[in-house]
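> Straight from Swiss-Prot, here's the annotation block:
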- 108-126: compositional bias 'Polar residues' (COMPBIAS)
- Gly2: N-myristoyl glycine (LIPID)
- Arg388: asymmetric dimethylarginine (MOD_RES)
- Arg410: asymmetric dimethylarginine (MOD_RES)
- 8-43: region 'Interaction with host CALM1' (REGION)
- 72-76: region 'Interaction with membrane phosphatidylinositol 4,5-bisphosphate' (REGION)
- 188-226: region 'Interaction with host PPIA/CYPA and NUP153' (REGION)
- 216-224: region 'PPIA/CYPA-binding loop' (REGION)
- 16-22: motif 'Nuclear export signal' (MOTIF)
- 26-32: motif 'Nuclear localization signal' (MOTIF)
- 456-459: motif 'PTAP/PSAP motif' (MOTIF)
- 483-492: motif 'LYPX(n)L motif' (MOTIF)
- 391-408: zinc finger (ZN_FING)
- 412-429: zinc finger (ZN_FING)
Amino acid sequence: MGARASVLSGGKLDSWEKIRLRPGGRKKYKLKHIVWASRELGRFALNRDLLETAEGCVQIMKQLQPALTGTEELRSLFNTVATLYCVHQKIEVKDTKEAPEEVEKIQKNSQQEIQQAAKNEGNSNPVSQNYPIVQNAQGQMIHQAISPWTLNAWVKVVEEKAFSPEVIPMFSALSEGATPQDLNTMLNTVGGHQAAMQMLKDTINDEAAEWDRIHPQQAGPIPPGQIREPSGSDIAGTTSTLQEQIRWMTSNPPIPVGEIYKRWIILGLNKIVRMYSPVSILDIRQGPKEPFRDYVDRFFKTLRAEQATQEVKGWMTDTLLVQNANPDCKTILRALGPGATLEEMMTACQGVGGPSHKARVLAEAMSQASGAAAAAIMMQKSNFKGPRRIIKCFNCGKEGHLARNCRAPRKKGCWKCGKEGHQMKECTERQANFLGKIWPSNKGRPGNFLQNRTEPTAPPAESFGFGEEIAPSPKQEPKEKELYPLTSLKSLFGSDP
């Protein structure tokens, strides 16, 4: 900690510890904040020793300036370095908020001085600030190397996303205004995916050969004061120097070798993305339970990888987005009409596939099923052509109503036989057994018992005869025939014992 905190000593350290972290706050800067800043610089591949001087702080702020829209930690690092710069320059600031404001004022004043110096030298053109090629105070076009932050961001995108469709716009944004040398630096930082990089090199070589075919080199010596025309390998940065690239890009008329080379790289990246994303836009279909928003995200992600013109992509969006939706969303989208915007589609299909939509669909299905079942029951009742049941009152004996609704005086006793002492459910009058015979019978025992059989009063005599058969009585046989009709047990089970 002591080695990293040695950037300040004596009066500078006292001034550092008087600056507040927030406007009106109690906490102030300490040595630990310098230690934290040095650690963060290591993450961005910047030299920690730059914190020891004001010029080093300026160089750090130039590298961090394009990334101020990043994370909170990155903004805190920039503000800490700006505060440290004010301490080195002995600029009095009360808190962290005043330090970036002072740095911004100094930058504006320096730019005005550079422009004024250029005008005094007879150059009426404004100073070019097109990064990475800028014009210095002497009017010379100089190149600023690509920042480590840009390279780090590009490497992270390739590592995390591989070669998904969003890599192409990220590369285009990070390489804005870059020279062929800067573009080659970005490509060389990619460690893995060498098969993809070889495909990219093949595409670049093909485009360079096509450029040489369309733009043949001028024969003979080049007139003095003119620059040679770039070849395909010059545009790719293999046979041209950085100064030649700057002259081509800043000449009048300019030859944008950086933009041409960038188009070649993007063309190769499109081929790689198509290889890494083999799914066709025709195969993107919404699942039965997939939310419409997730389906749209997958659709447009695959659409970005398609090699087609903007008109064709517009037709795909208008046609396939609705055609490949699930039946629920397709019904809603077709009801909106062909001129519906994506926002209207997203709003109309919001909630389709979610719990509330599932519950609503289930309730509708159950109501339809119950309605169909009720209709079937009514049809069965209406089509039933059996004998109509006659309702008869047990109290008065009339038809058309039940006994509980009868207005006549309540009859005493059994409603079936008229006798008192028991109820109708206990009445045995004219009760038939399972053979259909009225029970109790006036002829004695019920029909399902043996008739005219004397009950033994003592155990039967022991019989020691084997194989003896008892001959049936010839006199009893006709009586049994009379007692047992066709519905008797004898007719069902054969001879009774």
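Including glycine, each Cβ sits where the backbone N, Cα and C put it.
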> Over the region 'Interaction with host PPIA/CYPA and NUP153' (188-226), work out the mean pLDDT and round it to an integer.
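Over the region 'Interaction with host PPIA/CYPA and NUP153' (188-226), the predicted model scores a mean pLDDT of 85.
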> Identify, in sequence order, the residues in the chain of Arg410 (asymmetric dimethylarginine) that are 6 or more apart from it along the sequence and have a CB within less than 8 Å of its CB; answer 'none' if there are none.
Asn395
> Under 8 Å between C-beta atoms and at least six residues away from its ends: which parts of the chain pack against the motif 'Nuclear localization signal' (26-32)?
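Those are 1, 5, 8, 13, 16-20, 83, in sequence order.
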> Going along the chain, which residues at least six beyond the ends of the region 'Interaction with membrane phosphatidylinositol 4,5-bisphosphate' (72-76) come within the CB cut-off of under 8 Å?
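For the region 'Interaction with membrane phosphatidylinositol 4,5-bisphosphate' (72-76), the far contacts come to 40, 64.
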> Under DSSP, is Arg410 (asymmetric dimethylarginine) helix, strand or coil?
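Looking at the DSSP assignment, Arg410 (asymmetric dimethylarginine) belongs to neither helix nor strand, so coil.
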